[in-house]
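> Below are the features listed in Swiss-Prot for this protein:
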BINDING   61  chlorophyll b 1 binding site
BINDING   83, 89, 102, 222  chlorophyll a 1 binding site
BINDING   105  chlorophyll a 2 binding site
BINDING   107, 156, 185  chlorophyll b 2 binding site
BINDING   140, 150, 217  chlorophyll a 3 binding site
BINDING   160, 176  chlorophyll b 3 binding site
BINDING   168, 265  chlorophyll b 5 binding site
BINDING   168, 179  chlorophyll b 4 binding site
BINDING   216, 234  chlorophyll a 5 binding site
BINDING   220  chlorophyll a 4 binding site
BINDING   249, 258  chlorophyll a 6 binding site
MOD_RES   38  N2-acetylarginine
TRANSIT   1-37  transit peptide
TRANSMEM  103-123  transmembrane segment
TRANSMEM  155-175  transmembrane segment
TRANSMEM  223-243  transmembrane segment
């Protein structure tokens, strides 16, 4: 009788991670357990043994001439070269937030840089699809005729900046919401690298290769952010696209360079 009683108690008292739960656990308990599991998976170290990009012996910002890294920069995450003069990563919460912002901005910058250069490259090689210079193409929506996507009026003919804004907010917001919320069932444990349908090519299947791809993504993303900043400055100063500016510089580097434009730049002209 005692044995059957204890066995029925064991069956009616499920456990989660070694902790006994009630028969009808509250949503708060399950939510806390799910959050704990997601948090532990998110903060799991990605450093791989023998990788030159992770760990205490990783590549530093000045190579062999680098000073001692701050104690909080352990080489656990990609893109950590042991340099943080301003102490932006000292607080773990701030570091986690800034790390996410950097990765997301890197991805947008890489897409943006490609979008600024590729149409102009095609146009200079005989492919015609309307305005090719990135900032001039976007401004066409304010013209009387509106903006034709890819120069084709039958594709998307945009005449309202508010409609474009609303469409982007809905489409981009839906994807971002899916990523941040961890998917409809909470199956995504790392919102920065969600995998699944966000990785149709299976690039994250090999942990070693995936760890290296994270470093490559950040390195290229940081370059892309600097590139986008340069494209903005070029657009303001010269009124030309990046490839046209490059061609002008190569044709006459003495008169077409950053110094000559900086000394002769007059705002509004």
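Placement of Cβ uses the backbone N, Cα and C atoms for every residue, glycine included.
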> Taking only C-alpha atoms and a 10 A limit, tell me which of 105, 107, 156, 176, 249 are near residue 220 (chlorophyll a 4 binding site). These are the binding-site residues.
107
> May I ask for the distance between residue 234 (chlorophyll a 5 binding site) and residue 160 (chlorophyll b 3 binding site), taken between their Cα atoms and rounded to an integer number of Å?
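Their Cα atoms are separated by 27 Å.
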> Based on Cα distances to residue 140 (chlorophyll a 3 binding site), point out the closest of the binding-site residues 156, 160, 216, 222, 249.
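Given the candidates 156, 160, 216, 222, 249, the nearest one is 160.
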> What's the CA-CA gap between residue 107 (chlorophyll b 2 binding site) and residue 217 (chlorophyll a 3 binding site) in angstrom, rounded?
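Cα-Cα, rounded: 8 Å.
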> I'd like to confirm something. Which of the binding-site residues, 89, 156, 168, has a Cα closest to the Cα of residue 176 (chlorophyll b 3 binding site)?
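Ranked by Cα distance from residue 176 (chlorophyll b 3 binding site), first place goes to 168.
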> For residue 105 (chlorophyll a 2 binding site), which residues in the same chain are close in space, meaning a Cβ under 8 Å from its Cβ, but six or more apart along the sequence?
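Residues satisfying the criterion: 221, 225.
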> When you measure from the Cβ of residue 220 (chlorophyll a 4 binding site), how many other Cβ atoms are you left with inside 10 Å?
16
> Hey, what's the widest CA-to-CA gap across 83, 89, 102, 222, the chlorophyll a 1 contacts in the record, in Å?
17
> Of the residues named as chlorophyll a 3 binders, 140, 150, 217, how far apart in Å are the Cα atoms of the most distant pair?
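That value is 33 Å for the farthest Cα pair.
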> So of all those binding-site residues, 61, 89, 102, 179, 258, which one's Cα sits nearest to residue 160 (chlorophyll b 3 binding site)?
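The smallest Cα gap between residue 160 (chlorophyll b 3 binding site) and any of the binding-site residues is with 179.
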> Specify the secondary structure state of residue 179 (chlorophyll b 4 binding site) as given by DSSP, simplified to three classes.
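Residue 179 (chlorophyll b 4 binding site) sits in a helix per DSSP.
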